[in-house]
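See below for the structure under consideration.
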Amino acid sequence: MAATGTKSVLFVCLGNICRSPIAEAVFRKMATDGGIVDQWRIDSAATSTYEIGNPPDHRGQACMKRHGVPMRHVARQVTKEDFMSFEHILCMDESNLSDLKRKSKSVKDYTAKIELLGSYDPQKQLIIQDPYYVSIQTHPYVQLYCSNLEDMFNLML
């Protein structure tokens with residue numbers, strides 16, 4: 001479990017190179033800017049093994065750099081320990097949610113609250129589509145995603 005007085009969130013997508021590391025980076029920046037980053041344990045992970053060990057997609061990194069959002073991450077897969085050590089596990093789509101619920105069944109008495117990140121979206125857009133196969137750098141979806149993340153995270157922080 002996270003240290004007393006510390007909140008924790010794990011962002012999850014399929015490969016942990018696009019959506020979840022962007023969410024992690026934006027959330028960390030907002031917590032840092034708000035002076036509360038030391039009150040949070042923030043990470044991201046994948047449901048799959050496809051990208052383990054890889055850095056975030058270069059297009060997402062460029063987008064974050066342009067917006068002044070630091071991004072340092074190496075893709076990893078969700079572990080059994082994550083279900084016990086994170087307060088919130090927030091995923092991007094129904095497939096991620098299904099995979100996480102299936103994996104959580106192998107963890108006795110897990111404590112994490114597993115939800116769609118989009119459930120915090122004031123616009124009620126539950127599913128955060130995977131931008132991997134489009135131009136992340138220029139696609140307006142990433143801009144919308146980042147502004148929606150700020151709205152969602154304001155509800156959490």
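Just so it is clear, glycine is given a Cβ too, placed from its N, Cα and C backbone atoms.
It should be emphasised that the depicted structure is a prediction, and the values quoted were computed from it without experimental measurement.
If you check TrEMBL, you get these features:
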- 7-155: domain 'Phosphotyrosine protein phosphatase I' (DOMAIN)
- CYS13: active site, nucleophile (ACT_SITE)
- ARG19: active site (ACT_SITE)
- ASP130: active site, proton donor (ACT_SITE)
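Here the domain 'Phosphotyrosine protein phosphatase I' (7-155) has, by DSSP, the following mix of helix, strand and coil residues: 64 helix, 23 strand, 62 coil. Between the candidate active-site residues, ARG19, ASP130, the densest Cβ environment within 10 Å is the one around ARG19.
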